[in-house]
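Copied from Swiss-Prot, the annotated features are:
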CARBOHYD  Asn100  N-linked glycosylation site
CARBOHYD  Asn193  N-linked glycosylation site
CARBOHYD  Asn230  N-linked glycosylation site
CARBOHYD  Asn626  N-linked glycosylation site
REGION    7-32  region 'Disordered'
SIGNAL    1-23  signal peptide
Amino acid sequence: SLVVAAAAASPYSGSHDFSGFQRDEPDGVPTAQKQHDINFLLHKLYEPLHEANLKALEDSFDPLTHTANMPDAGVAVNKLMQEVKTQHLEERHHWFSVFNATQREEALLLVKVLLQCQDWPTAIGNAVYFRKMMNEETYVYALYTAIKHSPLTKHVVLPPLYEIMPHFFTSSEVIQQAYRAKMIGQPGKFNMNFTGTQNNPEHKIAYFGEDIGLSTHYINWHIEYPFWWNETFGYQIERRGENYFWVHHQLVNRFEAERISNHLQKIEKLHWERNLHEGFDPHTSYKNGEHFPFRHDDIHIEDVDKVAEVRDMIVMENRIRDAIAHGYVIDKEGNKVDINNEHGIDILGEIIESCVYNPYNEYYGSLHNMGHMMLGHQGDPHAKYYDTPSVLEHYETTLRDPAFYKLHKYIDDLFRKHKDHLKPYSRKELLFPGIAINNIHIDGPLETYFEDYEYSLMNAMDDKEEMKWEDNMEISAIIPRLRHKDFSFKVNIMNNNDENKLATIRIFAWPHRDVNGVIMPFNEGRWHAIELDKFWKYLAPGENEVTRKCDESSVTVPDVPSLKSLHEQAEAAIAGISELNLEEFVSATGLPNRLLIPKGNAAGVEFKLVVAVTDGEADSVNDEINLTTKFHHYGHHGVYLDKKSHGYPLDRRVPDERLFHEIPNFGETIVKVFNHNEHVHRHE
């Protein structure tokens, strides 16, 4: 119950005394209250609300009478209400895909409404009202996006999607076991296996693509950087296209490193006119019972009805290749826009994903989004047997399919062609005068292992409307997840200047050898580098021993607390028992911190560990940059904090690696990552 609202008919019907709460939001409503409300909106998503005050608000709130303070004077609300009135919205208990233009536009209507809200009573009123009116999955996408971008909810933590919509992350077999346990009233914990069998070589790395934390990272990144976003939603997102390049480049490189750890050949990039060798059966179902489509091995890529023809994809690709070769793209007015510069990667990324800022959408098309839909429908390109979207058409599930990595290896190759057209960095550009790296080493073991992880299937089960949260039966899934033991980077840096210097410390690694044991040349290795950390540090004159713990990495984030934990913490804060302190979980766009390093193997996989120390004053866009990047590696609310390109200084070709070896502010060493088949069972 809402303690602060005990004296009111509705928690938002009048003024309240929030004494004892931290007024950390623009409208003075405490974060604990907002976290409580969001928790209950998402609890039992597919059922009516289970919280009395919110249910009362649902019955009394009229969106049309709460538009006075909206900047658009209620235009967005009126438009969405018209869709409700004419019953044009997607029906409930149906699938939703952001790649479906009609469904996406419905979601954006709600996003616009929620972002127009200037106070919490209006925001939660609209969120409650439209919860019962809209398709559940459309609603979740819109709600998560609005919470991520609204200044009203800057301290609210989004619950993990694998607990809100468990069907997307949990095998049908485990869901069926959970249903049976629910029917007989028996709590249960059910072990879930990865997709496929030992007969499929790709099964060896299913732990990576099917990692629920990695999938959470991916969808959270797309929520933070939606391809449809423009400034009418509140602000412009900087370097959107470049961020698109980098997050996918890193996923491809990390997938390649995992393949080497498991003695698998490198990814073959997609070719539209060749066969797609890897099939995929996701073994998952939608909440309504429909199965995700599967795909056989060795299929010839066909035209897909109502999506695109293969030749359309080739035309799009060739136009992008021509732009890269010429060094410019064409905008809608026919003007040439130069891309042979540090900002070109941003324009190219906008074009490939077909973002709103794409200079000429009609000409360059939508290679990325259309590619997902084309490959997703290859199991049934003419819709003879089903019309449900595949795993490739949901951010929650797309990383599971090997075709995702083939598509993005193909796209990554286009980005590399562009980057290789740029002039290599000169010694003058790379040098940080007076700064030298004396030594790099790792303190602690570079060793990975698997550990069981348990997450709730509560939202997958149906309950009576009067069921209280505390009365829910404990039913959960258990899945092994890759982790690593604690370690620290230690870098000895000499500052030969007479004053403190702000330094950007950039740490990367790439496989020293390919799967055949051949040493990667520097120029090839640097393109396959995975980013391990980037942070800012003041270097005092003389010798500096810089220590950075693995869990401090700006590339990664910790696991978001479970929905149950968020509920308990919010209720305790509202009751005055404890303070709500969830700051470290607010930004969830980073990789899971347990996946910082690749798996390795029993013999040890060699990696070249490289550290570049660059001029922090020249790099930063913010005087407080060293204090603000801990949890916002990809930037925050549209602002990216590092002026340098993603991957700098390894993002451009290196004709002669001796240049890097001779620069004192660049250092390298060889390390080994081990995995001894250790599996920690926590839930026996």
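Our numbering is plain: 1 for the first residue shown, then up by one each step along the chain.
Glycine is treated like the rest: Cβ placed from N, Cα and C.
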Residue pair Asn230 (N-linked glycosylation site), Asn193 (N-linked glycosylation site) - Cα distance, angstrom, rounded: 41
Nonlocal residues around Asn193 (N-linked glycosylation site), in sequence order (Cβ under 8 Å, 6 or more apart): Ser171
Neighbouring C-beta atoms (10 Å sphere around the C-beta of Asn100 (N-linked glycosylation site)): 17
Neighbour count (Cβ, 10 Å) for Asn230 (N-linked glycosylation site): 13
Asn230 (N-linked glycosylation site) in three-state DSSP notation: coil
